[in-house]
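These features come from TrEMBL:
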| type | residues | note |
| --- | --- | --- |
| SIGNAL | 1-15 | signal peptide |
| DOMAIN | 46-158 | domain 'Ig-like' |
| DOMAIN | 165-260 | domain 'Link' |
| DISULFID | Cys211-Cys232 | disulfide bond |
| DOMAIN | 266-355 | domain 'Link' |
| DISULFID | Cys310-Cys331 | disulfide bond |
Amino acid sequence: LPLLLKATLLRLASGSYHPFYNGFYYNHIMNDDGDGQDKVDYFSGTKLVVETSKDPVYSYNGANVTLPCRYRYEPDLGPRRKIRIKWSKLRDDYTKEQDVMVAIGKTYVAFGDFKGRAHLRQASRHEASLVISDVRLKDDGKYRCEVIDGLEDESDVVDLRLQGIVFPYQPPRGQYRLNFHEAERVCQDQGAILANFNQLFQAWSEGLDWCNAGWLADGTVQYPIRLPRKPCGGVHLAPGIRSYGPRHRHLHRFDAFCFSSALKGEVFYLDRLAGMTLEEAKQSCQDAGAEIARVGQLYSAWKFLGLDRCNAGWLADGSVRYPIVTPRANCGPAEPGVRSFGFPSKGRFGVFCYRE
């Protein structure tokens, strides 16, 4: 018989008072005292339970957010040794994506982009909540809170969702010109990131209807349809998110669906009587202590700050747009939205500037 089983049987035969549960016997487990001495642990029958928020936790770009996590023992046997707490950020399919932080007692280490931004909140006994400061767009997603006590290891998952807006984006060259990596870059250039499916679905549920297919963050190509019609998958399909599935990230070309969150600053409009060229518009924003606004910033100001302007203005990518909250005569369609004049090669307009 293996040595472990022999030791178990001998202990049982000796009538030892040590407990024996479910056929498990734990022997020679290194202790946490760091003195190099082994000790014998016995399965006590105590259950470790880890709980996070069942509802998504909502935040926005630049904010501080706390992801709640608590653990307990059933039954509670009082003070125990130091436990290990580990937070990880997961992919949508729940596979591990990256380590966020590991902690033992009051000592912790944060990793990657979370260095200097992540720490534990342990305001009460058995709390293991994660605090993330200066939330970034790519922080959106699922997080696993894992508690490790000796041989016991339990975890639960909490969903962090950023309040934001999804907008379709085409470059100046026209429709379906972006491979996946170019789509990532153009969204970043506009103060945004590629949207994920949950964000696109939320935008669709709020009314987004767009017939052109675009890249999402997982490398799939999809588009949201509220009003079925022949060029958009046919009139007999129900409303929903149409999907082309995963596409080749280098060879295939589509538009992009970008995601932007709330702003740390403000977007404002400047104009001259005779209008401005794009270069004059950039200089006017600099003279005002600002910079020319990006497309994502204009969309965010429209959605979160109620920016409503019936005057067209330049943006950083060379496009001309204007935001309408309250539709009215001579300001475009009957629905609220950000109107676009495309990328005019000439012409004089106002400008939208951004200042923190």
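Cβ from N, Cα, C; glycine included.
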_Site of maximum Cβ density within 10 Å, from disulfide-bonded residues Cys211, Cys232, Cys331_ = Cys232
*Can you grab the distance from Cys331 (disulfide bond) over to Cys232 (disulfide bond)? Cα atoms, rounded to a whole Å.*
27
*Cys232 (disulfide bond) to Cys310 (disulfide bond): how many Å between their Cα atoms?*
30
_Euclidean distance between Cα atoms of Cys211 (disulfide bond) and Cys310 (disulfide bond), Å_ = 25
